[in-house]
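Database features (Swiss-Prot):
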BINDING   Asp133, Asp162, Leu163  S-adenosyl-L-methionine binding site
Amino acid sequence: MSSTGSARTEGDSWDLASSVGATATMVAASRALASRGPDPLLDDRFAEPLVRAVGHPFFVRMLDGQIPLDTDDMPMTLQQRREQITVRTRFFDDFFRSATAAGIRQAVILAAGLDARAYRLSWPAGTVVFEVDQPEVISFKTDTLARLGAQPTAERRTVAVDLRDDWPTALRDTGFDSSARTAWIAEGLLPYLPPHAQDRLLDNITALSAPGSRLATENITDMRVFTDERARAMRSTWRQHGLDIDVAELVWLGERRPAGDHLEATGWSVTRLPTERVYADYGFELPDNEILREFRQAISYLSAELG
């Protein structure tokens, strides 16, 4: 147990069926559900086969319709979770589209997990997409998509390194060009980093970025939202269906400087977008849900440009 109240420890590890890795699989499962139907909310045809390849029974049953998406015994239903991930995914998709429309041809996805943007987005010719994550995660996704016959839609370069290690050197060694403008995303990552590691991550991004580079992430002002008893109550309901995960034990608590404030202090122009505005931009209304109200106050979306 860390001094900040998290069950996480420095240097801990996981796979895609446990701990932090299971949250990445849950995101992919939500993307898979949102990609179904005649008028899908998303277009991520790779999410479902990736989740099935992970093989966690809860997420397989979720895809098979054996777990109710909308039930009153959850403080935040899986249906609301699916909508949240839909909005978040589309925000980061559009961030990359805007960056490449502005001429940026180098993209970095930090903690890529089961993210399939290098395969499913329409990248301009000459775009290089770097995916950074733990070696086991990178290998699993690469091998699974290869078995499906999937081909990247950009030049995909994998950087198999833990973000707590010297990932900037590993990124450069894979051909990253720090003199070129870059579009960076850190989607759903920051809560799982200790406060000092979040600052170090942002400082490394700044050091690697040429003027005109762009970054998108979440801006978190209050980590207590992750330890609310209503959020913890989800664990007992999930456990009944076979998923023993408590997000409150996976995040790092304690005081941290909001990413937007840190970036502004290091030369970035920052735009903060309230959660309800981003929901509205994609045709959704933020549910009148106690947990989501707390998240709305504590977390916003952030885009930034250097210089």
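Keep in mind that glycine also has a Cβ here, set from the backbone N, Cα and C atoms.
Asp162 (S-adenosyl-L-methionine binding site) is surrounded by 16 other CB atoms, counting those within 10 A of its CB over all protein chains shown. There are 26 other Cβ atoms within 10 Å of the Cβ belonging to Asp133 (S-adenosyl-L-methionine binding site). In this structure, Asp162 (S-adenosyl-L-methionine binding site) belongs to neither helix nor strand by DSSP; it is coil.
Sequence-distant contacts of Leu163 (S-adenosyl-L-methionine binding site), defined by Cβ-Cβ distance under 8 angstroms and a gap of at least six in the same chain, are Leu110, Ala111, Val132, Asp133, Leu189, Leu193, Ala197, Leu201. Spanning the listed S-adenosyl-L-methionine site, residues Asp133, Asp162, Leu163 have a farthest Cα to Cα distance of 7 Å. The S-adenosyl-L-methionine site is defined by Asp133, Asp162, Leu163, and by the 8 Å test on Cβ atoms against their centroid, the other residues of the chain that qualify are Leu110, Ala111, Val132, Gln134, Val137, Val161, Arg164, Asp165, Trp167.
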